[in-house]
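Down below is the structure, laid out as C-alpha cells.
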Amino acid sequence: MASSVLPTPLLKDELDIVIPTIRNLDFLEMWRPFFQPYHLIIIQDGDPSKKINVPEGFDYELYNRNDINRILGPKASCISFKDSACRCFGFMVSKKKYIYTIDDDCFVAKDPSGKEINALQQHIKNLLSPSTPYFFNTLYDPYAEGADFVRGYPFSLREGAPTAVSHGLWLNIPDYDAPTQLVKPMERNTRYVDAVLTIPKGTLFPMCGMNLAFDRELIGPAMYFGLMGDGQPIGRYDDMWAGWCTKVICDHLGLGVKTGLPYIWHSKASNPFVNLKKEYKGIFWQEDLIPFFQAVSLPKDCTTVQKCYIELSKQFKEKFGKVDDYFNKLGDAMVTWIEAWDELNPSAAAALPNGPAK
Amino acid sequence: MAAAPSPSSVKPVPLLKDELDIVIPTIRNLDFLEMWRPFFEQYHLIIVQDGDPSKTIKVPEGFDYELYNRNDINRILGPKASCISFKDSACRCFGYMVSKKNMLQVAKDPSGKDINALEQHIKNLLSPSTPHFFNTLYDPYREGTDFVRGYPFSLREGVPTAVSHGLWLNIPDYDAPTQLVKPHERNTRYVDAVLTIPKGTLFPMCGMNLAFDRELIGPAMYFGLMGDGQPIGRYDDMWAGWCMKVICDHLGLGVKTGLPYIWHSKASNPFVNLKKEYKGIFWQEDIIPFFQSATLPKECTSVQKCYIELSKQVKEKLGAIDPYFVKLADAMVTWIEAWDELNSPSDTNSSKKANGAPLPAAAK
C-alpha cells in the first residue's frame, strides 16, 4: 500500500504552547499525552504573589506581572492586566517559530468516532500546508487527505499561500457574546464540522484566542491582544482586535488564515452578566471599528509585519483618536508593542540574552 | 433526557411544491428518478432533452412533467435558440428560462442516498446569507448554532439568499487532469456545514446539485455556449457561477455552499473531459482575473442590467483572447432578450401553455 499519508512532524523544538492563567493548570493533566513533548510558556495573570502549581513533568517558563514589568520596563504598559490578553507577552518572549495558545478551561474533545482529538497535531498540519485565500474551494482544504481542488479551480492558484494562522473551534460551550449567552444560556455546540478552510482574502472574521496557533515568524508581531482588563474600559475584545489586525496584514502580505478543525472541548461558561459589562462598549464600538478594518489599505512599502502594524496604528489613531481617549492609548500601545517586540526579537541571528525562564 | 424542543425551535420546512420546479437535462434516460421518487414526486419536473430529438425519453409513471427537446427549443425561441447549447448539459438553462416558478433545483443522474437534498436546499434559500463577515460557526441560522462573539450586530440580519450550492459524495467533481492523476479518489467526507461564500470571493459553481431563487437571480443563470460546434465544454456551470457571483455581490445577495450532499455515481471519462476542458484550462487563467476585477456601475439595479453590462465587458476584455468570447458575449445578450420575452410581467400560466406546452407523454 502506497503511503500517501506522511506522519505529521512533532515540531517539538519549534513550537511553544502559551497559556494565560489566573487560577490553576489542572487542565494540563488531560493534555499531557499531547503537550508533554513541548515547551510551555505560562503567563500568570493577577496577583503575582500567588503560586501557580504546574503539574510535574512539563518543561516550562512562567512569567507573572513582576517579571513582565522587569523585562519590559516602561513598555510593560502595553501588556494588559487582569485579562487573558496578557498572553501576548508569551508570544513576544518565545524563541520558537510556532505558537499554540489555549485557555485553561479547554480540554481534549472527541471526534464523532469517539477518538480523542490531538488538537496540536491538526494545528501543525494546518500551518504546514498552504492556504487558498484567492479563490474558494468548495471541497474545503484541498490539501487534506482524500480531497483536492475541484473542477474550475484555476491551476495557477493551486500552490496556495503560506499559512500564518490556524483558528480552531470548540465543542460544548460555544464562544458567544453576552447578549447571545443571556438569550440562549442552554445552547451547546454539538456539531462536529469535519473541515478546515481558508478565510478568503478581503474577508474579516471574529478570531477567538481559546484554541489558536500561528507562525510567529510570519505574523507574530501582529498578534497583539490590545489593552483590556484592569483600568481599561473594555474586555473580551482582545482576540477580536488581534484578529482584525492580523487578517488585514495577512491579506496585504499574501498570507493565509485557516479556520475549522481542530475542536477542543470548552468546559466553562463565563458569567454572561460579567461579560456584558466587559463587552458593553465593544458592542457599539465594533460597529465603527469593523468598517475601518474592512476599508483599510496598507501602502506597498509596508513589506514587513512590523511596518504594516505601525502603519495600521497611525491610520487607527487618525480615525479614532478623537472618538474616545481609549483609542489614543491603544494606538500608542500598538507602537509600544512593536518596539518591545523588536527589542526582544532583534533580526540579528545572535541569541538573545533577555527573556529568562523563572 | 432533554426537554421537548420549544415550539419555535424546529419549524416544519415548507414543501413549496407549487413554487418550485426541478429541471433535469438528460440525454439518456430518467431511471434515477425512481430513487428520488419519495422526495420529487410532489414537484413539477421540467425535462430538457439534449441530443437527438427523435429519441423518446421515458419518464417513470406518476411524475408531473413537461419535456422539451431540441425541436421545441428551436420552435419556442426561434433565432434566439442559438444561445442554448446543444450536446452539453448547459442546455438545462432553457429549463430555467421557461419555468414559471420562483425556485428551481437541478438534479443530474445521482444514484441517491436518504438525504432529502431538496429540503435542505429550501432551508438554505429561505434563510439569510452572511457575505459581509465570516461566521466561524458557519451558517448562524441553523438549529443549535448562532453568530459568535465578535460578529457585528448590525450584520446579523444577513442578506437574501439567491443560490444554494450543494456538494457530492463518492465521485468528486474534479477536472480532467486531477481525474487522470487520482482516478480512484472518492469523496467520503461528509462536512456538516452550510456557509456563505464571502462577498468579493469567487468559487467554482457546480451545476450538479444546485438551487436558486429564480426571481432574485434567474437571468444570471445562463450556462454559456458549450458542446456541439463550440470549442469548449465542461465550463458551463463555471461560467454561470462567475457571472452570478459578481452580480450577487453587486446586488447584495448571498450564495451558500455546503449541505446538502447528493451521491454522485458516474465518473465521466477523463480523456473525453480533457478534450472538452482543454481550452478552458488556459482561458480560465485570464477569465478569472477578469471576473475578480469586474465592477458594475450603480445604475445596474436589476440582474438583466448587470448581465448586459457584463456581456459588454466580456466582449471588450475577453474578446481579444478568442473570437469565441465575442460569440459568447452576443449569446449573453440573446439570452437576456429571450428571458425577458418569455418572462414578461404580463406573462401568466395560460400564455405558458401556448409556448412551452409539454409534449404528451405518449408522443413518439
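These residue numbers are counts, starting from 1, taken along the chain as shown.
Placement of Cβ uses the backbone N, Cα and C atoms for every residue, glycine included.
Going by TrEMBL, these are the annotated features:
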- B:ARG149: N-linked glycosylation site (CARBOHYD)
- B:ARG149: site 'Required for activity' (SITE)
- B:ARG156: site 'Required for activity' (SITE)
- B:344-353: compositional bias 'Polar residues' (COMPBIAS)
- B:344-364: region 'Disordered' (REGION)
Would you count the other C-beta atoms found within 10 angstroms of the C-beta of B:ARG156 (site 'Required for activity') for me?
16
Rounded Cα distance, in Å, between B:ARG156 (site 'Required for activity') and the residue listed as 'N-linked glycosylation site' is 12
For the residue listed as 'N-linked glycosylation site', the number of neighbouring Cβ atoms whose distance to its own Cβ is within 10 Å equals 22
